[in-house]
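Novice: Take a look at this one; I'll ask things after.
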Amino acid sequence: MGSGKSAVGHRLAEELKMDFLDTDELIEKTEERKISGIFRGEGEEHFRELETEVLKTLQNYDNFVLSTGGGMVLREENVSLLKEIGRVILLWAEPEVIYERIKDETHRPLLQVKDPAEEIRKLLSYRRPFYEQGADFKIDTAKKKIEQIAKEIIAWLKSK
């Protein structure tokens, strides 16, 4: 959420001449409705189940860059599936940076609260251990341009 996954993912896919896939977009296409509608209708747990199902369908594909929702790694099964699919890269930004990036976006279901900045802090505090544990490579996106982040990731991939 707000770390730059989509923007960096698109750039990375372009540079590597791969397809770009986004799990949220794949879920919306399959379910024929927005993520916010899924959260409102069936709740977060159902959405997390849909994320797992999407990952299972991607196991037979190659040559793509995948952007996932920020809660994807909360399920251990998802982390295992992600690692089977490929390398897991954590794009990190501090809560204040993320808040500044997304404060005007009204479509994020987890931020439909009284104090979104505090909610981001709480979410990241809870999720950070999951992110750290699941990641093969970590990069702080706070003061970097998309191109620079993509170059650093490509350099890391080439070193493996």
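Backbone N, Cα and C atoms are what each Cβ position is placed from, and that goes for glycine too.
Pasting the relevant annotations from TrEMBL:
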- G2, S3, G4, K5, S6, A7, R108: ATP binding site (BINDING)
- S6: Mg(2+) binding site (BINDING)
- D24, R48, G70, R127: substrate binding site (BINDING)
Novice: If you measure R108 (ATP binding site) to R127 (substrate binding site) at Cα, how many Å is it?
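Specialist: That separation, Cα to Cα, works out to 17 Å.
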Novice: Compared by Cα position, which of the binding-site residues G2, S3, G4, S6, A7 is the closest one to D24 (substrate binding site)?
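Specialist: Nearest by Cα distance to D24 (substrate binding site): S6.
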Novice: Tell me the Cβ neighbour count for D24 (substrate binding site), meaning other Cβ atoms within 10 Å of its Cβ, over all protein chains shown.
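Specialist: For D24 (substrate binding site), the count of other Cβ atoms within 10 Å is 21.
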Novice: In angstrom units, rounded to an integer, how far apart are the Cα atoms of A7 (ATP binding site) and G70 (substrate binding site)?
Specialist: 14
Novice: Near the ATP site, what residues other than G2, S3, G4, K5, S6, A7, R108 in the same chain have a C-beta no further than 8 Å from the centroid of the listed C-beta atoms?
Specialist: M1, V8, S67, L91, R101, I102
Novice: For a quick check of packing: other C-beta atoms within 10 Å of the C-beta of A7 (ATP binding site), how many?
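Specialist: Around A7 (ATP binding site), other Cβ atoms within 10 Å: 16.
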Novice: Go through K5, R48, R108, R127, our binding-site residues, and report the one whose Cβ sees the most other Cβ atoms within 10 Å.
Specialist: K5
Novice: May I ask which of the binding-site residues R48, G70, R127 is closest to K5 (ATP binding site) if we compare their C-alpha atoms?
Specialist: G70
Novice: Are there any residues at least 6 positions away along the chain from G70 (substrate binding site) with a Cβ closer than 8 Å to its Cβ? List them or say none.
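Specialist: Long-range Cβ contacts: M1, S3, L123, R127.
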Novice: Between S6 (ATP binding site) and R48 (substrate binding site), how far is it from one CA atom to the other, in Å?
Specialist: 19
Novice: What is the interatomic distance between the Cα atoms of R48 (substrate binding site) and G2 (ATP binding site), given in whole Å?
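Specialist: Computed Cα spacing between R48 (substrate binding site) and G2 (ATP binding site) is 19 Å.
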Novice: Check each residue in the chain of G4 (ATP binding site) that is at least six apart in sequence and keep those whose C-beta is under 8 Å from its C-beta; list them in sequence order.
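Specialist: Result: L91, A93, T141, I146, I149.
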Novice: Taking the residues the record says bind substrate (D24, R48, G70, R127), how far apart in Å are the two Cα atoms that sit farthest from each other?
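Specialist: Between the outermost Cα atoms of D24, R48, G70, R127, the distance is 18 Å.
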Novice: Could you tell me the maximum Cα-Cα distance in Å between the residues recorded as binding ATP, namely G2, S3, G4, K5, S6, A7, R108, rounded to a whole number?
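Specialist: In whole numbers, the farthest two Cα atoms are 17 Å apart.
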